[in-house]
Every structure is written in structure tokens, then in C-alpha cells.
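> TrEMBL lists these features:
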{"type": "BINDING", "residues": "Cys43, Asp45, His99, Cys102", "note": "Zn(2+) binding site"}
Amino acid sequence: MSQNLQELFDRNQQWADATEAREPGFFTRLLKQQSPQYLWIGCADSRVPANELVNLLPGELFVHRNVANVVVHSDLNCLSVMQFAIDELKVKHIMVVGHSGCGGVKAALTDARVGLVDNWLRHVQDVRNKHWPWLSSLTEQPRQMDALCELNVLEQALNACQTTVVRDAWLRGQQVVVHGWVYGLHNGLLKDMNMTVANAAEVDEAYARALDGIKGRYSPG
Ligand SMILES: [Zn+2]
């Protein structure tokens, strides 16, 4: 086993060479500025590479990832990323992106004891508990799991809408749209939860519409 991970440095060299060959001057242009339009708040899962799956280059996507794409009102890490993205980079869109088959969501759903992360996943369990009267009507666990992934995106996007950072941006008339998406591990495709919010007045309606959408898909009629 290589202790200095030389193979990753080799891959890095190949990537840098290929990128520069494809687009001469790529890195020197990036030096001058980063002006991404988007802030991606997603899961840390290694199967969900943010830039790649929306086919965006370095410099085009500002990214924050944590286990189960949670937006917590007191998480200074996530809030700082959001504040910098909105106030300094002037991103126009914030997408909270969950994914199918999320291990964090599954652990939260099933009360699995994993370790320290259990405390973090309490936030997802809060989502489960809030929606349990409906969620429990889905009899099969895989469906509950998929539905909780989607509900979690909704709630975390709602939390994003309620941060002072986003509220202040809307108050001063800055254009910031919050989105809730779910990525399908099985097909590589993004699905829009229709939780799309461009100002404070739209929050409740967007949330209600998106929630109706989820319930309609999982328990039609
Ligand atoms: Zn995940």
C-alpha cells in the first residue's frame, strides 16, 4: 500500500494536463475569479459528485456537503458557506439536493445506531417524526425510505429559506432562488421536488405544493 498516495497525485497530474490541453489557459483564467451562479448543498455520499452530475466545471458550482444534506439553523459551517455564497459570490440559486438510497436517511428511518453521527441524524429523525402519520401509511420500508429522502429535502430547503442569510437577501431585493432536488443513484437523474422559492411570501405555498406532490406520488388517490 502506498503511504503517500502517489497514485492520486499521478491522477491529479493527468487531470490537470488533460484539462489544460482541452482548454488552454483554463487554470490561469480561474485564478482571476470564481463567479459561480449556484450553491449546492448536498450529501457527502461519494456516489453523488456535485459538479459532475450537472456537468459543471470548477468555478461554476459552490458546494457544501454533509451527511444527509441537512441545513441546521445553528450549523455555523453551513451558514457560513451560505452567507459567503450569497453576500460575496452573489449566487442566484441554492439547491438542496438529497439522493435515493441515502445511508444517513436509512439510519434515521430505522433508528440504526451508527455512532457520533446519530446525533446529527436526529435532524432527519425530526423530519421522520413530523411526517410519521403519513409516512407510516406506506407499508414497505423501501418506499418509506424513498419518501423520507424526498421529505428531508423539502424540510432542509425550508430551513434554508428560513435562515437570516436568505431572508436578508430577499429583504434587500437580491435574487436568490431556493430549490429542492433529489438525485437518483439508480439512473443518475435529478428530480425536482417543486420546492422552488424566490421570496419570503412564496415559502409556505411552495412547501405545501411540494408536500402535496410527494404524497400524491407515493399514495395516489
Ligand atoms: Zn446520503
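Keep in mind that glycine also has a Cβ here, set from the backbone N, Cα and C atoms.
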> Can you list the residues of the same chain, besides Cys43, Asp45, His99, Cys102, whose Cβ falls within 8 Å of the Zn(2+) site's Cβ centroid?
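Neighbours found: Gly42, Ala44, Arg47, Val48, Ala68, Asn69, Gly98, Ser100, Gly101, Gly103, Gly104, Val105, Cys149, Tyr183, Leu185.
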> Tell me which residues of the chain lie with their Cβ under 8 angstroms from that of Cys102 (Zn(2+) binding site), as long as they are six or more apart in sequence?
Cys43, Asp45, Ala68, Cys149, Asn152
> Taking the Cβ of Cys43 (Zn(2+) binding site) as the centre, how many other Cβ atoms fall within a 10 Å radius?
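The Cβ of Cys43 (Zn(2+) binding site) has 24 Cβ neighbours within 10 Å.
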> Just jot down the residues in the same chain as His99 (Zn(2+) binding site), at least 6 apart in sequence, with C-beta under 8 A of its C-beta; none if empty.
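Non-local contacts for His99 (Zn(2+) binding site): Gly42, Cys43, Asp45, Arg47, Val48, Cys149, Val182, Tyr183, Gly184, Leu185.
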> Tell me, how many other CB atoms lie within 10 A of the CB of Asp45 (Zn(2+) binding site), whichever protein chain they belong to?
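19, counting other Cβ atoms within 10 Å of Asp45 (Zn(2+) binding site).
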